[in-house]
Structure formats: structure tokens, C-alpha cells
Amino acid sequence: MHDIKAIRENPEAFDAALTRQGHEAVSSSLLAMDEARRAKILAAETAQAEQNKASKSVGAAKASGDEAEFERLRALVSEKKAEVAQMQAEAKALDEELRMALMGIPNLALPEVPEGADEDDNVEIRRWGTPRSFDFKPVEHFELAAVQDGMDFETAAKLSGSRFVLMRGAVARVHRALAQFMLDLHVNEHGLTETITPVLVRDEAMYGTNQLPKFAEDSYQTTNGWWLIPTSEVTLTNTVSGDVLDEADLPIRMTAHTNCFRSEAGSAGRDTSGMLRQHQFEKVEMVSITHPDKSLDEHERMTGCAEAVLQKLGLPYRVVVLCTGDMGFGARKTHDLEVWLPGQDTYREISSVSVCGDFQARRMNARFKPEAGGKPDFVHTLNGSGLAVGRCLIAVLENGQQEDGSVELPEAIHGYLGGKTRITAQGTLA
């Protein structure tokens, strides 16, 4: 959420940043709401002062025996009390109107973020690994002989409908091995704290990490009002909601492996085959809570943590910085990691790593006490996939596929599979 004081001080710069991202200028409407809110607060304070003054005079009038003046002042106090209550209620309503308006405005891109309209304007900054040359035509993951029994979309559809998968046998074991490998890497080598979080959250948590109010249709809500998390960014980041941390506690680095749930309301007709885009999927998430001066360095560090997963698995990938028109709602800058999928003959997103500045912290009221003294300041938050487990499974299957339909598995996960090194064309580990 944006600081209305900053908008008040420089509305032109705020509008320029929004229009650079393809959004309409809104400072004039925000400032009009702000002015009405402040005027109502001032009027309420004035009426409160008049009420207090009249209240003090009531006792004096009674003591003097002036019954008429006493009754007049008592009536005035009652009138002012009702007036103050009405004005305070109106001020509160105006304050909430402004807060919700600010909640619906996206974060502002950092100056170094490339300007552009959509993903075609994203800028590649590096590549790792060389896509394998096949002496046969590679197929997509769901076409491989190795997964025909272990990746069951038909049974999943019978249970739950489209965009679900049932995994069994070797495929399920490899999927679990990948998640365990990611967690161990982030905990043991990257110093993140493993965390197990709920997958059902209240409205406040979804507002805190900017899923609400704008993206309600992309999420699932239960009949009693809880939300199924679309990512554990929601739960991990909100662990500091309402807190005032010590500066010495920063950075806080966390990771979690959870199920995630998305309605994919805006993705009708996209990636309908296979398990690339699902309503329910597993992801290993990374979240950092940092000092404002350290957040950009932390962004590079977190990107490196996600890259390390792909490197240790031997999966070719590229890193792109998203342009202004393709960034997420809460980000100031985002790096996408795109893994090579030979079955599609293209790179596909497997991780987004974003620095959000104080955007989410303001929504959550998450602050820290500076060691040098002074009033508490807002922390900065960052989040990134480390990685999407299902998409990583897809990449492992497609990059390791053999002509007979079997799959050679990355050495990094052999130990999680009891020393097994491949999935046979019959769907067993060997």
C-alpha cells in the first residue's frame, strides 16, 4: 500500500510512475478523498473541543445556581456529543474509503526496471546450461511412456474436474524427492528457516500480501470465510504482520513447502494439457524480511538460491527481468527464472523472485526499531519460488527423456530415491 503523505508531497511523480506501468493517473482522486477525510477529522476535533468546553461549564453553572444556564449547557453537551459521534463515524468511513482505494493501486517499479507492455518486452540478463541435443524428437512430459500410469489426469478429473492430476508410483516419488531436495538445499546451504504453515487464512492475511482486494476471483474461499492460499508467500510474509521487530533480528529468511490453490480465472484455454497449470499444486517458497537498505542485495541473493536448485539438477534456464507491463501487482522488481522444456522447444517460467519494498509491510503494519534509535520504520519484504515442484518435475522428465520413453534422473535426487537413477518406460524406478 502506498503512503498518502508521499503522494500528497509529489503527486506528479506518483502519476508518472503509474503511467509508465500502463496504469491511469489517480493522484487527483486520491487527494480529493484525502482532503475530505482530513476536513472531516478536523471538524470532529473542533466539535470535540466545543463539547469539552461546554462540559467544563456545566459544573460551574450548577454550582452558581443558574438553572437555566445549566440546562442550556447540558443540552449543548448532549448535542455536541451526538455531533462528534456522527463526524467520527463519517471520518472513519472516509478513511476506509481511502484505504481501500490505496489497496487497489499496484506497487511502483524501480527506475531500473525496463519499460514495456507485456512479456515480449522482458529483458534476458543471463543463461545457464546448454539445451540438450536430441537424436530423436522430444515429447512433452505427459506423452512419455514413463509417466502413463503415474501421471493420471483421467482419474483426477473424475474426482475433481479439469486442471488436477493424480500422481502415483515412481512419478509421485520423484515429485516428493524434488520437494525434499529443494527444502534441504535452502535450509542446509542457504540458511533459510524451514516453516510449516496453515493453508487456510483470514481476509487480513490476503490483504497483507495484496491478493485482496484485486485478485479475489483468482483464489478459493471456503463457506466460512477462510481463503486457500495461492502461495505460502501469504503465510510466511504475514508472520510479521503487526510486529515491531528489532533491527538485529533482520533479515528473517524462511522457506515452506505447501500445497497452493489457484482458480486460474484468467487462464482459460492456456496450457490445458499436462500439469503445467493446475488448480492445486505444490511449491517451495522463499520469503525474506529485510532492512530497507538491504533489500536489493537480498533480491540478488534470493535469485541465486532459486538458480542453485536448477543448477544442481542440471536443468538449463535463463533469467529475465520483467518489464513494467508484466510485473506482478506487489512487486518493485522481478526476476523470472525460465527453465528449458525440450518437449515445447521453449523456456517456461519456473520461479518469480520479487522485491516489494515497503508495499506489503505498510498493508501489514510490519516495522522494525532502528538500532540507532528513532521511530520504527517499515521493513522490506521479498518472495520467490524455490521452486514450483510440479514444473520442476516437468523439466526433469522432459530434459531426461530417452528415445524408448524412459527418463534419466538428475544425480542430485538419487539419494532421495534409494539410489535409483531412472524411471523405466514401464513406469518403475530402476
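Backbone N, Cα and C atoms are what each Cβ position is placed from, and that goes for glycine too.
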Among the residue ranges 70-97, 154-181, I'd like the one that TrEMBL describes as coiled coil.
70-97
Hey, TrEMBL has L-serine bound by T231, S232, E233, E285, N383, S385. Any idea which of R202, R262, R318 it lists too?
R262
What average pLDDT does the predicted model assign to the domain 'Aminoacyl-transfer RNA synthetases class-II family profile' (173-410)?
97
Could you list the residues of the same chain, at least six apart in sequence, whose Cβ is under 8 A from the Cβ of S351 (ATP binding site)?
A306, D336, L337, G384, S385, G386, L387, A388
Rounded to a whole angstrom, what is the C-alpha distance between S352 (ATP binding site) and T231 (L-serine binding site)?
12
In the structure shown, with every protein chain counted, which of the binding-site residues S263, N383 has the densest set of Cβ atoms within 10 angstroms of its Cβ?
N383
Let me check the 10 A CB neighbour count of E264 (ATP binding site). How many other CB atoms are there?
14
Rank aside, I only need the closest one: which of the binding-site residues S263, E264, E349, I350 has its C-alpha nearest to that of E285 (L-serine binding site)?
I350
